[in-house]
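K.L.:
Take a look at this one; I'll ask things after.
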């Protein structure tokens with residue numbers, strides 16, 4: 001039977017000449033893997049792009065349409081030593097969860113072995129009267145515990161090191177794996193020959209410490225995988241299409257064409273971009289525009305895929321479906337920006353590029369030196385391996401994760417959640433912060449600004465009537481009035497408001513036209529064009545509530561503090577110019593732009609980056625997701641859309657903006673401590689290497705040195721939580 005592989009339904013068209021395919025690649029764990037894969041596929045004729053995203057282990061390939069078969073790329077990756085298959089977000093999420101479970105199992109096995117082998121090593125270390133037979137017995141017990149546990153728990157390091165070596169590069173796992181394997185091998189040989197010293201304890205201790213750091217990094221990495229899942233949830237797979245004057249049919253979105261008419265019911269998410277041809281409703285476009293106010297939808301109103309129909313039934317003429325929608329464009333921009341960001345090389349990987357060659361060269365020179373000095377090959381090799389063991393990068397491997405763990409805890413207490421493993425490193429370098437306005441500099445909830453001038457009885461009735469509406473303006477009235485008991489018998493008129501009979505009088509809450517309050521509304525708007533208005537009527541009585549999003553209470557103070565730290569602050573918003581100007585003036589921000597599209601936000605950020613600026617983007621809407629990903633580092637409020645939270649490197653809590661300042665301060669402090677830890681790790685090696693080269697590194701000395709350096713690094717990491725925030729706090 002001939003097996004055929006058809007991947008054509010996974011291929012997307014970039015344009016008329018270029019095809020695009022996303023592949024999930026197993027085993028991509030370092031910059032060396034990334035370089036090898038990209039070189040290998042770029043060498044194929046007619047391939048125009050090959051880029052690996054280390055964050056989600058995804059390979060994007062583009063080629064001249066019709067020139068190549070997609071299966072060729074999978075075959076080429078197999079030749080390079082990597083298994084690949086078409087990328088599917090759900091499958092990738094499941095496999096990432098399995099990897100987290102595997103790392104946790106490895107950590108548990110290693111910790112079990114370390115505790116037990118330490119118990120077995122103590123009699124050997126302190127037992128001056130221990131007989132050779134008893135010593136051999138403890139060594140064999142240690143081997144029995146450590147060897148199988150190390151073989152299982154060390155897999156993450158061994159596999160990563162092997163792939164790096166195959167890619168002709170070196171990462172941190174190479175010296176770790178070499179040191180562990182040689183230590184275990186030498187210890188087994190020494191045990192067989194009844195030697196006094198073995199290094200089973202040092203090897204398993206190293207694996208345990210490093211697995212703890214690796215697991216923490218994996219959990220942070222896993223959060224960024226939520227991006228694809230959140231986007232997929234917004235994309236409708238089907239649409240209700242009119243196939244006759246009064247006949248509808250639910251069809252796959254791929255079967256919808258430009259010019260078709262689709263039905264959009266209340267509560268449904270729009271599957272297409274298009275314009276309303278019949279019906280009235282309100283549309284929640286917050287995921288697209290970031291604005292919390294519903295948009296009135298009537299004949300001629302533009303609607304977009306991913307937006308939510310609130311109240312009425314609409315008929316929509318399709319302008320774009322599937323890959324042609326604004327949502328798909330945001331997806332494409334987001335993927336491109338994430339791939340560009342994933343090329344950041346972390347500090348520990350950069351250090352390992354220099355660390356590993358120096359350690360290996362030192363061990364080799366030690367062996368040669370002892371042989372030339374007259375020692376036997378056995379003794380020289382044992383001393384050389386001792387050099388590898390005592391210089392194995394335990395402290396170096398903990399230097400970064402330990403600080404990240406301490407700093408992430410301190411940042412959480414300051415109202416900041418880490419969403420990416422390397423967010424601290426990138427946030428520390430920031431010199432420019434670009435803010436979105438709505439929901440970021442302003443509070444997510446609307447507030448009634450003229451509440452004090454409204455009679456209490458009127459306010460209470462309006463609030464009780466507002467409880468029957470899901471409109472955000474009505475919710476603001478209900479919240480401000482602290483209404484608890486809704487008025488019964490409420491009727492909602494889509495796009496206009498709600499009404500009910502109460503004590504023989506009709507109550508109305510909604511648009512000024514619906515309540516007959518146009519004159520009062522125009523008077524308020526003439527005084528303050530930035531507010532939104534909602535009217536309330538009771539018989540002949542008319543009241544208009546002025547509603548707006550207020551700036552976060554400490555926004556001006558936080559912006560001023562950021563400026564004092566040498567950080568440039570800019571404001572980019574898709575909102576109207578008057579609203580953006582009002583916010584910029586109130587905050588003292590001179591660099592601002594209004595009416596900015598997602599693509600324009602990315603273009604502005606890229607322009608800043610070309611000027612050498614290190615940019616943080618702070619935003620909350622789905623339209624901000626691509627620019628969040630394009631920035632060097634990004635941040636979103638907890639009230640943001642799920643997509644923006646998944647895209648952002650940091651998420652801040654509470655109603656204040658102070659956590660943005662805290663994120664910068666803690667990141668700078670943490671980065672300084674990371675460098676100190678790297679210095680301590682190097683200093684440890686400067687002291688320990690001469691001892692090992694001199695042949696004085698007994699297992700006790702190695703264990704004390706490794707654990708001592710690790711404890712020192714972790715104690716120093718505690719300093720990352722000591723930051724003066726100038727009274728900033730979150731509530």
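Cβ coordinates are placed from backbone N, Cα and C, and glycine is handled just like the others.
A TrEMBL annotation is a machine prediction, not a hand-curated record.
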K.L.:
What range among 71-92, 137-158, 225-246 does TrEMBL record as transmembrane segment?
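P.N.:
Checked against TrEMBL: transmembrane segment maps to 137-158.
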K.L.:
From the ranges 170-192, 262-284, 285-307, pick the one that TrEMBL records as transmembrane segment.
P.N.:
170-192
K.L.:
Transmembrane segment per TrEMBL: which of the ranges 46-64, 198-216, 312-330 is that?
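P.N.:
TrEMBL lists transmembrane segment for residues 198-216.
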K.L.:
Which listed stretch (102-125, 137-158, 677-694) has the most C-beta pairs under 8 A with the transmembrane segment (354-375)?
P.N.:
677-694
K.L.:
Mind checking how the domain 'HMA' (19-85) divides into helix, strand and coil residues in DSSP?
P.N.:
22 helix, 23 strand, 22 coil
K.L.:
Is it the case that the transmembrane segment (102-125) and the transmembrane segment (198-216) have 3 or more CB pairs under 8 Å, with pairs at least 6 apart in sequence?
P.N.:
yes
